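According to TrEMBL, the active site, proton acceptor annotation covers Asp37. For Asp187, the entry in TrEMBL reads active site, proton donor. The substrate binding site feature in TrEMBL is assigned to Ser10, His68, Gly148, Phe149, Gly150, Gly151, Gly189, Gly209, Ser210. Look at TrEMBL and you will find His35, Asp37, His68, Asp187 tagged as divalent metal cation binding site.
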Amino acid sequence: MGVAAKIAPSMLSSDFANLASEAKRMLSLGADWLHMDIMDGHFVPNLTIGAPVIESLRKHTTAYLDCHLMVTNPLDYVDPMGKAGASGFTFHVEVSKENWQELVQKIKAKGMRPGVALKPGTPIEEVYPLVEGEHPVEMVLVMTVEPGFGGQKFMPETMEKVRVLRKKYPSLDIEGITHIYGNGQVDGGLGPSTVDVAASAGANCIVAGSSVFGASEPGQVISLLRKSVQGAQQNN
């Protein structure tokens, strides 16, 4: 059996006016994590949420808050996110090549789980030192669209990175993500069609946006995403 399947609805696709109730609804329908997209308007052109929203949501849930930081200076966010109650802190390798060791140590010191993300055009080899280092990251997020832009098509060629990672690191959490907001996020982004591709490649953490929130029966979609991962693991 492979690493556990984890389904993480992207809260950016939720009704932000009712964030706490949306979080509770997703968890009651079987979600494992809640995926939070933090964008700074610099690393990516969009501006979304920050530590104050994480802190507010934390008051209403004990869930794992899987935070993906699409920011230019992730080191500046470690203290605020730790105090706010973030569970996971995933930063981008493209902006952390010089200080990732310090960054990982500080993330862990604040009680958060470190992860690293990479854009579609970034070679997978760039994350190897972060997985194999003295202070390693514990998850790799493989982006299948450019961060910060909605309406993009899933890029299946990025799944080769997932395959390489899974073969090299059998017990690593590998997260698939496509759309950052809008139409579905290893989503369609990963909706039920493309999730099979990501799961077969080896992704075990699936981020889904409107493919969950826009569904008439979101609980069924969450179940379908989980079964896709589990089925792929049994077949590999």
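Cβ atoms here come from the backbone N, Cα and C positions, even for glycine.
Unlike curated records, TrEMBL annotations are generated automatically.
Residue density at Ser10 (substrate binding site): 30 other Cβ atoms are found within 10 A of its Cβ, drawing on all protein chains shown.
Of the recorded residues, Gly148 (substrate binding site) and His35 (divalent metal cation binding site) place their C-alpha atoms 15 Å from one another. A Cα-Cα distance of 13 Å separates His35 (divalent metal cation binding site) from Ser210 (substrate binding site). The Cβ neighbour count for Gly148 (substrate binding site), using a 10 Å radius over every protein chain in view, is 18.
The two recorded residues, His68 (divalent metal cation binding site) and the residue listed as 'active site, proton acceptor', show a Cα separation of 5 Å. Spacing of the residue listed as 'active site, proton acceptor' relative to Ser10 (substrate binding site) is 8 Å (Cα to Cα, whole number).
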